[in-house]
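TrEMBL annotations:
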type	residues	note
ACT_SITE	B:Glu306	active site, proton donor
ACT_SITE	B:Asp380	active site, proton acceptor
ACT_SITE	B:Glu408	active site, proton acceptor
DOMAIN	B:25-145	domain 'Alpha glucuronidase N-terminal'
DOMAIN	B:149-468	domain 'Glycosyl hydrolase family 67 catalytic'
SIGNAL	B:1-19	signal peptide
There are 2 protein chains.
Amino acid sequence: MKKILLSFLILCFTHLAFAEDGYELWLRYHKIENPSLLQKYQSRNKGVVFTANSDRLKAAKKELALGLKGLLDIDLADSQNLTSGGVLIGTPESSGLIAQSGYAKEINGLDPEGYIIRTVNIDGKQITLVAAKTDIGVLYGVFHYLRLMQTNQSLDKLAITEEPKLQLRVLDHWDNLNGTIERGYAGYTLWDWARLPNYKSPRYTDYARANASIGINGAVLNNVNANAKSLRVEWLIKAAALADAFRPYGIRVYLTARFSAPKEIGGLPTADPLDPQVRQWWKDKAKEIYGYIPDFGGFLVKANSEGQPGPQDYGRTHADGANMMAEALEPYGGVVFWRAFVYQNERHIDRVMNGYEEFKPLDGAFNKNVFVQPKNGPIDFQPREPFHPLFGAMSKTALALEFQITQENLGHAGHLVYLGSLFEETLQSDTYENGKGSTVSKVLQNYKKTHGISGIAGVPNTGTDLNWTGHLFGQANWHAFGRLAWNPDMTSEEMSEEWIRMTFSNDKKIIDPIQKIMLMSREAAVNYMTPLGLNHIMNYDTHNGPEPWHDDPVWSAFDYHKASESGVGVDRTRTGTNAVGQYHEPLSSQLNDVKTCPPQFLLWFHRMAWDYKMPSGNTLWNELVAHYYLGVEEVRQMQTIWNSLEKDIDEERFVHVKSLLELQEKEAVWWRDGCLLFFQQYSQLPIPSKYEQPKHSLNYYKRIPYPYNWKESQYK
Amino acid sequence: MKKILLSFLILCFTHLAFAEDGYELWLRYHKIENPSLLQKYQSRNKGVVFTANSDRLKAAKKELALGLKGLLDIDLADSQNLTSGGVLIGTPESSGLIAQSGYAKEINGLDPEGYIIRTVNIDGKQITLVAAKTDIGVLYGVFHYLRLMQTNQSLDKLAITEEPKLQLRVLDHWDNLNGTIERGYAGYTLWDWARLPNYKSPRYTDYARANASIGINGAVLNNVNANAKSLRVEWLIKAAALADAFRPYGIRVYLTARFSAPKEIGGLPTADPLDPQVRQWWKDKAKEIYGYIPDFGGFLVKANSEGQPGPQDYGRTHADGANMMAEALEPYGGVVFWRAFVYQNERHIDRVMNGYEEFKPLDGAFNKNVFVQPKNGPIDFQPREPFHPLFGAMSKTALALEFQITQENLGHAGHLVYLGSLFEETLQSDTYENGKGSTVSKVLQNYKKTHGISGIAGVPNTGTDLNWTGHLFGQANWHAFGRLAWNPDMTSEEMSEEWIRMTFSNDKKIIDPIQKIMLMSREAAVNYMTPLGLNHIMNYDTHNGPEPWHDDPVWSAFDYHKASESGVGVDRTRTGTNAVGQYHEPLSSQLNDVKTCPPQFLLWFHRMAWDYKMPSGNTLWNELVAHYYLGVEEVRQMQTIWNSLEKDIDEERFVHVKSLLELQEKEAVWWRDGCLLFFQQYSQLPIPSKYEQPKHSLNYYKRIPYPYNWKESQYK
């Protein structure tokens, strides 16, 4: 009794002193506030029949107990007998009741990760059935069931059937073995390498729970700029310990593979993918890995890109390299994700076209268990890019799409930018591969039919920060990626509402303003950073803040904007580099014609005079100015909306977001003024007087260091 | 009403899903379990008269509200009228009631940081008075008052007067500007440089609360291996933002100063401390810093040590360098901590003697606002060292003692080693400076009289890990350092009991076994790492695990153990290097004579034959073996005791500690077997057969990498 009392007190007062730090993510399970709804839910959870004999079912049951306790103040009453108003959970294998129900056949026909949630009558009792073909489906079903209550949906007449539309839903962590995270802004790696494998942090389980709750089923543990050491035994046993921690939640572990590993750690004189010794080395390595991690997912490889070694070092193709690894993994069911993010660092070549040019000719040359993985756009995770032209161009090769969840080019952990909008924009872009309606989403989904497998990857924004993502709203981007990986046709409206309900409140007076902020935020960022198709004008080193003036022999922003007195933008039409030729018709012609090219991609595909007359009636220059000013204005609107919520949101989270919005406003002005003053050198046109004029000179903005100083006195 | 309900639910259920992660530290404020005690406490907190008009008093009041709510479920009822059974809090300045009470004179005579907690009668009402001369004293008093309840002490007849025995109680963070922490094992820096100064993490406040609760009043933000950039304006404004966050909790910010900063960031051709331009640069820099941080504490400097620049580069002395900085800081009340951790990297010189030799001749040459700061021992934070001979040798120079709280040489965040015992051992060591009883503690305290100032520093074990210190028991070492900084004569029994009560339970059945583990843990570590005065035989690179075999031209473990077939240990007697001559009599003679030298320092001061007959009757070799085996045995005892607590401790913390003890046991065996097999090469003597024999060869242990692999099959 004392022990129970103590437990309750511990539950109740743990973190009393440090509430609302964001650690819980969207898995909050706070008690349902609406009394009548609470009563309804309680009446639908009168008894739970849930036999859990596997680690995954146990994880599901633990989650359910946590959820019912928190949401409904109900202690999970475990029963073998169905009660009206009860819940039956399991698989046909785990539950005789389910096996003998009329639903067994349907359930066994589901995708292995699918589930149903149904209001059904069994033995004359009306109950809720949460059932799946496999244990992991049950876990997903339980998370969905809890989510229904977290978002205040009805539990009456449930008729939910869910199956993932993409099979491999993976986070690609860019975590280095020394603990730092490339382009990570929320602290450092979650993997406590020094104390693994002996000590397993409880945070691994919380990480896995969060991922499983949104359907993510894989994690590449380490950076694509890979360290060959990660394939050595002393690291493999650590990866295996993580795999053990993740397994109950259906997360498979993957590793990046440095192409030159056979030389660096294998003692071979070459890493040539056609060399028999090299091929054997990878086979032996795969066997070794599967000895430690029986459900190892496979390799992610960045090869012959940005200085990484690869098959081209030996005159071989990407396919030669990828297939070698695929062969080694194939006996165990592993896959290779082979990145299509490659470019020649030669200034006469249009970088936008590189990936397509290298991979399109290889269509069909890859083994079945290889994914070629382009980024969402053809450059590099810019605030806005057209979709990568390889989507729709590789019918004989499985493609996996790589999104970036971490905000490398979108203000790091300082800016509120909801990426649901960006992800949706790419996924709903029409490739016209098979006529109208061949969206990127459909292209990705279709590989299940043609290759038996489909996939998507996200480079996460997670780290050791208490709130996981640095910016509280960064959590929404992790959530959105997971939800879209499960169903790429979800809308950002749906996803953002769900996230707000689970994170803040089910009160429309709170949901609506927060959703408004989220849904306007990405366009705001594009406006104050890179409107009208501009791109790659960020700080060369940090990728935060403007640096369209960067110009050195290795890398020049001028290759991306080509600003001069005669105009701005890159001519990628048929009379230019013909990047438009990499897209299907009618899109290709639409992009090619300045009159039909969507304005948001204007300067991406076209070079325009400063006084070009836009459809709005503005000159190009004035339109550019208008966008930059609008971006700052939108951030200020976001501030106003957020500040109106002061009384409705706990102090800790309110102040957190408020102060970050203040930072964002300052940086938005930095972007706007820095870029406009830079381009003005070439346009020689004024910023119309109706706008607040830049307070500083271009030189001032050029001298802002990073980490920068906002004390104005310092950089006059 | 709804808002209140919501707040309660948030308090109650936040972190329900992720309870007991250690984030709360010892500031848990869980409800008092004993019902009669609860009632007593409630009757002693019937009303609080506490006018809080300053940031510090507000912080104190907020803490009190948090504590009373959690411990007693009492909402702080703010009143202007005294009630019997109430509490009166404040200073004579903040409270008319206190000013007019009979206690005002006594209170105004307290140390500025002191306070009283008294059961008193005012206007015929029996109340508890928590009062101080200054606001920060009130905050300390409130923490003490809450601690009384947290540790289940009586609130009747209170008659507490507390004043700190050392004035400057400082944490020296070895945090780099890139976020890593030198010798940090609990994640990465708590200072979120990228988002400072605009975004202030709530964790800064929690950090400050934790420190204030144990009386720490200063923080050096950055590494002693300093980066001159940290003195540039863009970093100063970040440091200033941290100072703003810490100020309500009485924590002053200090910075490390790279001696060559005038050259590196000041554009001067020299950093010669006697150069007028250099002196002016530091004066200007001090003025600039105080413009941003009006209560800036001062500089910590590592100069002419391990490659750091310093005054000797210009033929000047440490005093020349320190005094230059002291002059710059003096107008603003700042101080210089000048480290005495210096050594020539030349193998013919006894490193143990270096600090004394360099600084003793300078006694009296330092300005009043300079501390010379030796480490606790003359080498470098070894598991056990004799106290540094400068203590007791510098009557004309204020010394601050530097302890290491982070376990650089004590198993990192993997080993449970309670350092209260180590700290106490040093502080209670008798220097005999003024005859018997001149303990290091007294030497430190005495500087207040002679110099108006006294101080102590600790290199903390804090980082971004959820539980702050990596190992939950690392929190106890942070706690112990703070408590000893306030009162260097506290015992490790007192401190450990207090910490256990605040962290785990007030139940003696839980306190006693945990305390037993803590109090045996440091001796266990010495036994399995460096018994009998051995030292500096750890891994050269990581400082974890044994490497007595390390031997290269730069650094050789053989300089520290001098093992050969003729024996082991370093002759530092009068016929050897005469390091014993740096200590006062009678200690010097006691150390000099092998028969009176304490066994724990035997091989530190003496070179002994392997078959030397110890007082125990054992040969030296067998005694060494016995100690190493005892160390492992003690860890196993710690495991047994901990495991017996399974039913009494929440699962999360139980498993955390259990799995780390398993790791510790493995590493203890690694230390034992690695060291004994190494020394056995020279002793040529067997490990007596009554002991479990090493399972592996010396080569096996030499090949264990770090991060290492415990799969035995791999390193045969």
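Heads up, the Cβ atoms here are built off N, Cα and C, so glycines get one too.
Worth saying up front: this structure is predicted, and the values here are computed from it rather than measured.
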Among B:Glu306, B:Asp380, B:Glu408, the one of these active-site residues whose Cβ has the fewest neighbouring Cβ atoms within 10 Å:
B:Glu306
For the domain 'Alpha glucuronidase N-terminal' (B:25-145), residues assigned helix / strand / coil by DSSP:
48 helix, 24 strand, 49 coil
I'm trying to understand the geometry here, so how far is the Cα atom of B:Glu408 (active site, proton acceptor) from the Cα atom of B:Asp380 (active site, proton acceptor), in Å to the nearest whole number?
10
Give the distance between the Cα atoms of B:Glu306 (active site, proton donor) and B:Asp380 (active site, proton acceptor), rounded to the nearest whole Å.
12
Secondary structure at B:Glu306 (active site, proton donor), reduced by DSSP to three states:
coil
Can you see whether DSSP assigns B:Asp380 (active site, proton acceptor) to helix, strand or coil?
coil
